[in-house]
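J.: What follows is a structure written as C-alpha coordinates; I'll ask about it next.
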Amino acid sequence: MVKVAADLSHINTPSKVTGHAGKDSLAEALKGAHTVVIPAGVPRKPGMTRDDLFKVNAGIVRELAEGCAQYCPKAFILVISNPVNSTVPIVCEVFKKAGVFDPRRVFGISTLDIVRSSTFVHQIKPQFEPHANRITVVGGHSGATIVPLLSQIKQVSLTAEEIKTLTHRIQFGGDEVVKAKDGAGSATLSMAYAGARFTNALLEASVLGKKGLIESTYVHLRGNTGAERNMGLTGLDYFAQDVELGPEGVANVLALPDLSAEEQRLVGIAIGELKGNIAKGVEFVTGGSAVPAAKL
Ligand code: LMR
(Lines of atoms letter the chains of each structure in order from A and count residues from 1; the text may use other names and numbers.)
(Lines give C-alpha, C1' and ligand atoms only; values in the text may rest on other atoms or scores of the structure.)
Protein backbone atom coordinates (compact mmCIF):
# COMPACT_ATOMS: atom_id res chain seq x y z
CA MET A 1 0.00 0.00 0.00
CA VAL A 2 2.88 2.33 0.89
CA LYS A 3 4.50 1.41 -2.47
CA VAL A 4 1.31 2.33 -4.37
CA ALA A 5 1.05 5.62 -2.46
CA ALA A 6 4.66 6.50 -3.34
CA ASP A 7 3.93 5.78 -6.99
CA LEU A 8 0.73 7.87 -7.04
CA SER A 9 2.34 10.71 -5.11
CA HIS A 10 4.46 11.65 -8.16
CA ILE A 11 1.41 12.68 -10.21
CA ASN A 12 1.41 16.46 -10.62
CA THR A 13 -1.68 17.53 -8.71
CA PRO A 14 -2.00 19.59 -5.51
CA SER A 15 -3.29 16.46 -3.69
CA LYS A 16 -1.55 14.87 -0.73
CA VAL A 17 -1.23 11.09 -1.17
CA THR A 18 -1.27 8.82 1.89
CA GLY A 19 -1.26 5.01 2.07
CA HIS A 20 -3.34 2.91 4.50
CA ALA A 21 -3.61 -0.87 4.77
CA GLY A 22 -5.94 -3.20 6.64
CA LYS A 23 -9.32 -2.93 8.28
CA ASP A 24 -7.91 -1.07 11.28
CA SER A 25 -6.88 1.89 9.15
CA LEU A 26 -10.29 2.28 7.45
CA ALA A 27 -11.29 5.16 9.74
CA GLU A 28 -8.04 7.00 9.06
CA ALA A 29 -8.34 6.46 5.30
CA LEU A 30 -12.02 7.34 4.95
CA LYS A 31 -12.85 9.98 7.55
CA GLY A 32 -14.56 12.91 5.84
CA ALA A 33 -13.72 11.72 2.29
CA HIS A 34 -15.51 13.57 -0.52
CA THR A 35 -15.20 10.76 -3.09
CA VAL A 36 -14.29 7.09 -2.64
CA VAL A 37 -13.35 4.92 -5.63
CA ILE A 38 -13.50 1.18 -4.87
CA PRO A 39 -11.43 -1.01 -7.23
CA ALA A 40 -10.61 -3.61 -4.52
CA GLY A 41 -10.97 -7.33 -5.06
CA VAL A 42 -9.68 -10.22 -7.12
CA PRO A 43 -9.58 -10.13 -10.93
CA ARG A 44 -10.83 -12.73 -13.40
CA LYS A 45 -8.77 -15.55 -14.85
CA PRO A 46 -9.40 -16.90 -18.39
CA GLY A 47 -12.73 -18.75 -18.59
CA MET A 48 -14.27 -16.91 -15.61
CA THR A 49 -17.21 -14.52 -15.77
CA ARG A 50 -17.39 -11.43 -13.59
CA ASP A 51 -20.11 -13.18 -11.58
CA ASP A 52 -17.57 -15.87 -10.64
CA LEU A 53 -15.79 -13.17 -8.56
CA PHE A 54 -18.84 -12.63 -6.34
CA LYS A 55 -17.76 -15.13 -3.68
CA VAL A 56 -14.59 -13.20 -2.82
CA ASN A 57 -15.35 -9.63 -3.87
CA ALA A 58 -18.83 -9.31 -2.32
CA GLY A 59 -17.38 -9.55 1.20
CA ILE A 60 -14.57 -7.09 0.42
CA VAL A 61 -16.99 -4.53 -1.00
CA ARG A 62 -19.43 -4.97 1.90
CA GLU A 63 -16.66 -4.31 4.42
CA LEU A 64 -15.49 -1.18 2.58
CA ALA A 65 -19.08 0.04 2.21
CA GLU A 66 -19.62 -0.41 5.96
CA GLY A 67 -16.52 1.72 6.55
CA CYS A 68 -17.79 4.41 4.16
CA ALA A 69 -21.26 4.41 5.75
CA GLN A 70 -19.61 4.96 9.13
CA TYR A 71 -16.77 7.38 8.33
CA CYS A 72 -17.86 9.28 5.20
CA PRO A 73 -21.61 8.74 4.76
CA LYS A 74 -21.95 11.75 2.45
CA ALA A 75 -19.13 10.71 0.10
CA PHE A 76 -19.67 9.82 -3.54
CA ILE A 77 -19.03 6.07 -3.81
CA LEU A 78 -17.71 4.89 -7.18
CA VAL A 79 -17.64 1.12 -7.55
CA ILE A 80 -15.24 -0.62 -9.94
CA SER A 81 -14.99 -3.98 -8.10
CA ASN A 82 -16.66 -6.75 -10.05
CA PRO A 83 -19.30 -7.98 -10.46
CA VAL A 84 -20.44 -4.34 -10.61
CA ASN A 85 -24.03 -5.45 -11.38
CA SER A 86 -24.10 -6.96 -7.86
CA THR A 87 -21.53 -4.92 -5.91
CA VAL A 88 -23.41 -1.63 -6.44
CA PRO A 89 -26.56 -3.13 -4.85
CA ILE A 90 -24.33 -4.36 -1.99
CA VAL A 91 -23.09 -0.80 -1.32
CA CYS A 92 -26.62 0.63 -1.55
CA GLU A 93 -28.06 -1.96 0.85
CA VAL A 94 -25.25 -1.39 3.36
CA PHE A 95 -25.96 2.35 3.24
CA LYS A 96 -29.72 1.76 3.60
CA LYS A 97 -29.09 -0.47 6.63
CA ALA A 98 -27.00 2.30 8.20
CA GLY A 99 -29.75 4.85 7.42
CA VAL A 100 -27.43 7.01 5.27
CA PHE A 101 -28.38 6.01 1.71
CA ASP A 102 -28.61 8.71 -0.94
CA PRO A 103 -29.23 7.20 -4.42
CA ARG A 104 -27.60 10.22 -6.06
CA ARG A 105 -24.21 9.36 -4.56
CA VAL A 106 -23.52 5.71 -5.49
CA PHE A 107 -22.23 4.83 -8.98
CA GLY A 108 -21.15 1.69 -10.78
CA ILE A 109 -18.34 2.62 -13.14
CA SER A 110 -19.26 1.23 -16.56
CA THR A 111 -17.17 3.87 -18.33
CA LEU A 112 -14.78 1.29 -19.79
CA ASP A 113 -17.67 -0.01 -21.92
CA ILE A 114 -18.09 3.50 -23.34
CA VAL A 115 -14.33 3.86 -23.86
CA ARG A 116 -14.19 0.49 -25.64
CA SER A 117 -17.20 1.37 -27.80
CA SER A 118 -15.53 4.54 -29.10
CA THR A 119 -12.23 2.74 -29.70
CA PHE A 120 -13.72 -0.25 -31.51
CA VAL A 121 -15.97 1.91 -33.72
CA HIS A 122 -12.94 4.08 -34.62
CA GLN A 123 -10.96 0.97 -35.55
CA ILE A 124 -13.42 0.08 -38.32
CA LYS A 125 -14.48 3.69 -39.15
CA PRO A 126 -11.36 5.86 -38.75
CA GLN A 127 -13.36 9.04 -39.42
CA PHE A 128 -15.18 8.41 -36.08
CA GLU A 129 -13.10 10.50 -33.66
CA PRO A 130 -12.88 8.35 -30.48
CA HIS A 131 -12.08 11.22 -28.11
CA ALA A 132 -14.70 13.62 -29.35
CA ASN A 133 -17.67 11.26 -29.63
CA ARG A 134 -19.38 9.48 -26.77
CA ILE A 135 -21.46 6.36 -27.32
CA THR A 136 -24.25 5.56 -24.87
CA VAL A 137 -24.03 2.11 -23.30
CA VAL A 138 -26.95 0.87 -21.21
CA GLY A 139 -27.78 -2.13 -19.02
CA GLY A 140 -24.97 -3.26 -16.74
CA HIS A 141 -21.27 -4.11 -16.78
CA SER A 142 -20.86 -7.74 -17.80
CA GLY A 143 -21.32 -9.72 -21.01
CA ALA A 144 -24.88 -9.67 -22.32
CA THR A 145 -25.90 -6.95 -19.84
CA ILE A 146 -23.69 -4.46 -21.73
CA VAL A 147 -25.82 -2.93 -24.50
CA PRO A 148 -24.07 -0.29 -26.65
CA LEU A 149 -26.60 1.85 -28.52
CA LEU A 150 -24.72 1.88 -31.80
CA SER A 151 -27.83 2.79 -33.80
CA GLN A 152 -27.65 6.25 -32.17
CA ILE A 153 -24.27 7.09 -33.73
CA LYS A 154 -24.67 10.04 -36.07
CA GLN A 155 -21.06 10.60 -37.23
CA VAL A 156 -20.68 7.39 -39.27
CA SER A 157 -23.05 4.80 -40.61
CA LEU A 158 -22.75 1.15 -39.67
CA THR A 159 -24.29 -1.84 -41.42
CA ALA A 160 -26.39 -4.33 -39.43
CA GLU A 161 -23.51 -6.81 -39.70
CA GLU A 162 -20.99 -4.25 -38.39
CA ILE A 163 -23.31 -3.42 -35.48
CA LYS A 164 -23.64 -7.10 -34.64
CA THR A 165 -19.86 -7.69 -34.65
CA LEU A 166 -19.11 -4.49 -32.71
CA THR A 167 -21.80 -5.19 -30.11
CA HIS A 168 -20.37 -8.62 -29.40
CA ARG A 169 -16.82 -7.21 -29.18
CA ILE A 170 -17.92 -4.46 -26.74
CA GLN A 171 -19.91 -6.91 -24.60
CA PHE A 172 -16.95 -9.25 -24.30
CA GLY A 173 -14.12 -6.70 -24.59
CA GLY A 174 -12.98 -7.43 -21.03
CA ASP A 175 -12.38 -11.07 -22.04
CA GLU A 176 -9.83 -9.95 -24.67
CA VAL A 177 -7.68 -8.46 -21.90
CA VAL A 178 -8.20 -11.40 -19.54
CA LYS A 179 -7.09 -13.74 -22.34
CA ALA A 180 -4.07 -11.60 -23.24
CA LYS A 181 -2.94 -11.45 -19.60
CA ASP A 182 -3.28 -15.24 -19.46
CA GLY A 183 -3.96 -15.73 -15.75
CA ALA A 184 -2.32 -12.49 -14.55
CA GLY A 185 -5.59 -10.59 -14.21
CA SER A 186 -7.87 -8.33 -16.21
CA ALA A 187 -7.86 -4.75 -17.49
CA THR A 188 -6.07 -2.38 -15.09
CA LEU A 189 -4.67 0.47 -17.19
CA SER A 190 -7.67 1.07 -19.47
CA MET A 191 -9.85 0.64 -16.35
CA ALA A 192 -7.78 3.24 -14.48
CA TYR A 193 -8.25 5.59 -17.44
CA ALA A 194 -12.01 4.93 -17.47
CA GLY A 195 -12.25 5.37 -13.68
CA ALA A 196 -10.31 8.63 -13.84
CA ARG A 197 -12.52 9.91 -16.66
CA PHE A 198 -15.71 9.25 -14.68
CA THR A 199 -14.27 10.54 -11.40
CA ASN A 200 -13.05 13.74 -13.07
CA ALA A 201 -16.46 14.31 -14.68
CA LEU A 202 -18.15 13.88 -11.29
CA LEU A 203 -15.68 16.25 -9.61
CA GLU A 204 -16.12 18.84 -12.35
CA ALA A 205 -19.90 18.68 -11.89
CA SER A 206 -19.91 18.56 -8.08
CA VAL A 207 -16.97 20.74 -7.07
CA LEU A 208 -16.57 23.08 -10.03
CA GLY A 209 -20.31 23.28 -10.77
CA LYS A 210 -19.86 22.48 -14.47
CA LYS A 211 -23.24 21.95 -16.14
CA GLY A 212 -24.40 19.48 -18.78
CA LEU A 213 -21.87 16.74 -18.01
CA ILE A 214 -23.29 13.41 -19.11
CA GLU A 215 -21.79 9.94 -18.61
CA SER A 216 -23.30 6.46 -18.80
CA THR A 217 -23.24 4.84 -15.34
CA TYR A 218 -24.97 2.06 -13.37
CA VAL A 219 -27.10 3.58 -10.61
CA HIS A 220 -29.96 2.87 -8.19
CA LEU A 221 -32.98 4.19 -10.08
CA ARG A 222 -35.59 4.62 -7.35
CA GLY A 223 -35.21 8.00 -5.68
CA ASN A 224 -33.28 9.59 -8.55
CA THR A 225 -34.76 12.43 -10.60
CA GLY A 226 -35.89 11.35 -14.06
CA ALA A 227 -35.53 7.63 -13.39
CA GLU A 228 -39.24 6.69 -13.49
CA ARG A 229 -39.31 6.06 -17.25
CA ASN A 230 -36.37 3.65 -17.23
CA MET A 231 -37.72 1.96 -14.10
CA GLY A 232 -41.04 1.46 -15.86
CA LEU A 233 -39.38 0.17 -19.04
CA THR A 234 -36.98 -2.23 -17.33
CA GLY A 235 -38.83 -3.14 -14.13
CA LEU A 236 -35.41 -2.90 -12.42
CA ASP A 237 -34.08 -0.94 -9.46
CA TYR A 238 -30.58 -0.63 -10.99
CA PHE A 239 -29.61 0.15 -14.58
CA ALA A 240 -26.79 1.81 -16.53
CA GLN A 241 -27.76 4.67 -18.82
CA ASP A 242 -26.80 8.25 -19.52
CA VAL A 243 -26.91 10.35 -16.38
CA GLU A 244 -26.45 14.08 -16.06
CA LEU A 245 -24.05 14.81 -13.20
CA GLY A 246 -24.54 17.69 -10.79
CA PRO A 247 -23.54 19.10 -7.39
CA GLU A 248 -25.06 16.14 -5.47
CA GLY A 249 -24.03 13.42 -7.93
CA VAL A 250 -26.90 12.22 -10.10
CA ALA A 251 -28.78 15.33 -11.25
CA ASN A 252 -30.97 13.60 -13.79
CA VAL A 253 -31.31 10.08 -15.15
CA LEU A 254 -31.90 10.42 -18.89
CA ALA A 255 -34.70 8.36 -20.38
CA LEU A 256 -33.59 5.63 -22.78
CA PRO A 257 -33.73 6.92 -26.34
CA ASP A 258 -35.77 5.16 -29.03
CA LEU A 259 -34.09 1.79 -29.50
CA SER A 260 -33.72 -0.21 -32.71
CA ALA A 261 -35.52 -3.57 -32.75
CA GLU A 262 -32.18 -5.33 -32.17
CA GLU A 263 -31.32 -3.06 -29.23
CA GLN A 264 -34.75 -3.76 -27.71
CA ARG A 265 -34.03 -7.47 -27.96
CA LEU A 266 -30.60 -7.03 -26.35
CA VAL A 267 -32.02 -4.87 -23.54
CA GLY A 268 -34.59 -7.64 -22.90
CA ILE A 269 -31.77 -10.17 -22.48
CA ALA A 270 -29.82 -7.73 -20.26
CA ILE A 271 -32.86 -7.20 -18.01
CA GLY A 272 -33.24 -10.96 -17.48
CA GLU A 273 -29.60 -11.29 -16.40
CA LEU A 274 -29.55 -8.10 -14.32
CA LYS A 275 -32.54 -9.26 -12.25
CA GLY A 276 -30.49 -12.19 -10.92
CA ASN A 277 -27.30 -10.11 -10.45
CA ILE A 278 -29.17 -7.42 -8.48
CA ALA A 279 -31.06 -9.93 -6.32
CA LYS A 280 -27.78 -11.68 -5.47
CA GLY A 281 -26.17 -8.43 -4.26
CA VAL A 282 -29.24 -7.36 -2.29
CA GLU A 283 -29.64 -10.75 -0.65
CA PHE A 284 -25.97 -10.82 0.37
CA VAL A 285 -26.60 -7.85 2.65
CA THR A 286 -30.25 -8.21 3.67
CA GLY A 287 -30.62 -12.00 3.52
CA GLY A 288 -33.79 -11.34 1.50
CA SER A 289 -35.28 -8.52 -0.51
CA ALA A 290 -34.24 -4.88 -0.78
CA VAL A 291 -34.82 -2.53 2.12
CA PRO A 292 -36.85 0.52 1.01
CA ALA A 293 -34.70 3.65 0.99
CA ALA A 294 -35.59 6.34 3.51
CA LYS A 295 -36.97 9.54 1.91
CA LEU A 296 -34.33 12.17 1.20
C1 LMR B 1 -13.30 -4.93 -17.65
O2 LMR B 1 -14.35 -4.62 -18.20
O3 LMR B 1 -12.23 -5.03 -18.28
C4 LMR B 1 -13.28 -5.16 -16.16
O5 LMR B 1 -14.60 -5.22 -15.69
C6 LMR B 1 -12.48 -6.32 -15.73
C7 LMR B 1 -12.98 -7.65 -16.26
O8 LMR B 1 -13.08 -8.59 -15.46
O9 LMR B 1 -13.23 -7.79 -17.45
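Think of each number as a place in line: the chain as shown, counted from 1.
Placed from the backbone N, Cα and C atoms, the Cβ positions cover glycine too.
This is the feature table in TrEMBL:
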- His141: active site, proton acceptor (ACT_SITE)
- Arg44, Arg50, Asn82, Arg116: substrate binding site (BINDING)
- Asn57, Ile80, Ser81, Asn82, Met191: NAD(+) binding site (BINDING)
- 4-108: domain 'Lactate/malate dehydrogenase N-terminal' (DOMAIN)
- 111-285: domain 'Lactate/malate dehydrogenase C-terminal' (DOMAIN)
J.: Suppose the substrate site is Arg44, Arg50, Asn82, Arg116. Which further residues of the same chain have a Cβ inside 8 angstroms of that site's Cβ centroid?
T.: Pro83, Val84, His141, Ser142, Gly174, Asp175, Val178, Ser186, Ala187
J.: Going along the chain, which residues six or more apart from Asn82 (substrate binding site) have their CB under 8 A from its CB?
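T.: Within the chain, Asn82 (substrate binding site) has Cβ neighbours under 8 Å at Gly41, Pro43, Arg44, Arg50, Leu53, Asn57, His141, Ser142.
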J.: Calculate the per-residue pLDDT averaged over the domain 'Lactate/malate dehydrogenase N-terminal' (4-108) and state the result as an integer.
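T.: Residues in the domain 'Lactate/malate dehydrogenase N-terminal' (4-108) carry a mean pLDDT of 97 in this prediction.
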J.: At a 10 A cut-off on CB-CB distances, which of the binding-site residues Ile80, Met191 has the highest count?
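T.: Per the Cβ count within 10 Å, the most buried is Ile80.
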J.: Here are the recorded positions: Arg44, Arg116, His141. Which has the lowest count of other Cβ atoms within 10 Å?
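T.: Among the recorded positions Arg44, Arg116, His141, the sparsest Cβ neighbourhood within 10 Å belongs to Arg44.
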J.: For Ser81 (NAD(+) binding site), just give me the three-state DSSP call.
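T.: Going by the DSSP assignment, Ser81 (NAD(+) binding site) belongs to neither helix nor strand, so it counts as coil.
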J.: Could you say whether, by DSSP, Met191 (NAD(+) binding site) belongs to a helix, a strand or a coil region?
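T.: In the DSSP reduction, Met191 (NAD(+) binding site) maps to helix.
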J.: From Arg44, Arg50, Asn57, Ile80, Ser81, Arg116, which binding-site residues have a C-beta atom under 6 Å away from some atom of ligand 1?
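T.: Those binding-site residues that pass the cut-off, since their Cβ is under 6 Å from ligand 1, are Arg44, Arg50.
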J.: Could you state the whole-number distance in Å separating the C-alpha atoms of Met191 (NAD(+) binding site) and Arg116 (substrate binding site)?
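T.: Distance (Cα to Cα, whole Å): 10 Å.
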